[in-house]
Amino acid sequence: MLDILKDHAARIGDRRIETLFDDSGRAGAFSLDACGMLFDYSKTQVDTALRDALIGIAEAAGVAQRRDAMFGGRKINETEGRAVLHTALRNLDGGPVLVDGQDVMPGVLETLARMETVARDIRAGDIADVVNIGIGGSDLGPAMAVRALSPYHDGPRCHFVSNVDGADIADTLRLCDPARTLFIVASKTFTTIETMTNARTARAWLSDHGVSTDGRFVALSSNTEAAAEWGIPGDRVLGFEDWVGGRYSVWGPIGLSVMIAIGPEAFRAFLRGAQAMDTHFRAAALPENMPVLLALVGLWHNQGQGHATRAVLPYDNRLARLPAYLQQLEMESNGKGVAMDGSTLACQSGPVVWGEPGTNGQHAFYQLIHQGTRVIPCEFLVAARGHEPDLKHHHDLLVANCLAQSEALMRGRSLNEARARVADKFTGAELDRQARHRVFPGNRPSTTLIYPRLDPETLGKIIALYEHRVFVEGVILDINSYDQWGVELGKELATALGPVVSGEAGTQGKDGSTAQLVSYKLRHGG
Ligand SMILES: O=P(O)(O)OC[C@H]1O[C@H](O)[C@H](O)[C@@H](O)[C@@H]1O
C-alpha cells in the first residue's frame, strides 16, 4: 500500500489542486450523494488514477468481506473474542443478526422497548434534571448528541458528569434540586473508577439533603450484576451485550439521556438515520460508498502525504462536542501500533483528530492552518439550513464562512497578489518583505459534508458515517479497531498511586520526577 501511495505522491508532486477544476466535471465526479447528504472531496489531490488506486487498496485489504463479517456477527474483535454489532442496535426493521447461532434482535428490540418505558416514565414525572454519570464512550456520545439536538428537547434538562475531578460533579449539582434530580450511572463495565466515585458522591448528595435514593438512579451497563449489587432495582437497569463497544454505544441504553431529552420517537429517528447509513455502507459499491471514500481520502492524507493530524471543523455550533467525540471514536479505535497478527504496524496508525466549531476556530487557530509549515487536511461539516428561521442571515453568513475557508485553503494568495495589496503603502525591499507575510501558500486539502439540517435522523447518519470510516481505515491499516489496551497501564498506575498521593504510602520505587511531584502535592495540598 505504501509503495502505491508513494508512486502517486511522486506523480502528483506539487500540482495545484485548483488546476484540477479546469475539468468542469471535477466537482460532480469527486463528490458523492448518499442518504441525502453530499460529501465533496474535490478540493483534494484525489484524481481518477489515485481514486482507482485507493479503491484497489481497499479491495485488496478485504474491506467488503470484513464489512460483511462485522454485520454478520463474526468475532472480528479478535483480541477480545467479541463480535462488533453496534449496528444491530439500529437494525429496527432489519432481519435477524446471529452471534454464535443466536439471533440477537429480539433482545435488542426488547431493551429498546424497556428504554422507552423508562424514558416515558421519567419524562412524564416531576424530574427536572437528569445527570448522566459516565466517562469515555459512556459520556461523549450522549453528551455530543444531546447538545446537537437541543432544538428537539422537550424533556428534563440533561447534564453530564464525567471527570473524577470533584469540580465536575460539584458544579453540576449546584444547578440541581435534590428533590427533582435523577442520576443515570452509565458504565459498560460498572467498575470505572471515575464513574463509580461520582455515583457514590451523587448518592451521598441525595442523602445529605434528606432525599431517598429510591427511584433516583438508573444504571446502563453490560455488568447488570454489579449494577444490582450497587442497589439499583432491576426495572431501572438497562443492560447491553459485550458486542457493543463503549465508543459505539450511544445507540442503545447508553443513549438513554438522549432519549429522555428528545423523546422516544425522535430517538427512533436518530436510529433510523444510522440504519440508513448502514444500508448504504453495506450495499454501495466501494467507489460510491461514502464511508469508504471518507476513509480513503483520510488514508491518502495520513499515509500517502504524511499529514499526521486532521481538523474536524463543524460549521454547526451544536456539533461543538463532535471533535471530542471523534477523538475517542477515531483515536481509541485506530491509534494502535500493532497489526492484527501481533506484528509491528508497517505504516503510521490513524491520525490525530482535533477541531472546534466554525466560525470560532477561524479567530483562533486557523492562522496555523493557512500559513503554518505543516499541512492540516480539514474536514468541514455544514447544514444547508438551521433551526432558526428568523436568523437565516446568520446561517447564510455561517455557510459563506465555511465555503470561504475551503476556497482560501485551496487557492491561497500568491506573492504577486500580496504585493498588489500593499503596493500603495510600501516600495522596494520593504514591499517585498511586507508582501511575503501576506502570502498564503494554498494547495491545502479539505473535504466538506453538507446536509439538509441537523435533525435526529441526520445526526444518526453522520455518526454512523464516521463509525464506518473508522472501520474501513482499521481494515486497511490491519488494526483491531475494537479493543483499547493502550488505556490500561495508566489506570493501573493511578490505582497504585492513590495511597501515595494521599500520603498513606511512600514514594519508594518511584522515579525522581514522580516523587518530586508527590512531595509538592503533599506540601501544598496535604
Ligand atoms: O463504560 P465504562 O466501562 O465505564 O468505560 C468508560 C471508558 O473507559 C475506558 O477507559 C475506555 O478507554 C473507554 O473505551 C470507555 O468508554
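Glycine is treated like the rest: Cβ placed from N, Cα and C.
No curator has checked TrEMBL annotations; they are predicted automatically.
Copied over from TrEMBL:
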ACT_SITE  E332  active site, proton donor
ACT_SITE  H363  active site
ACT_SITE  K491  active site
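Within 10 Å of the C-beta of the residue listed as 'active site, proton donor' we count 22 further C-beta atoms, all protein chains included. In sequence order, I193 are the residues of the chain that are 6 or more apart from K491 (active site) and have a CB within less than 8 Å of its CB. All protein chains shown were included, and the count of other CB atoms within 10 Å of the CB of H363 (active site) stands at 9. Recorded residues E332 (active site, proton donor) and H363 (active site) have their alpha carbons 29 Å apart, per Cα-Cα distance.
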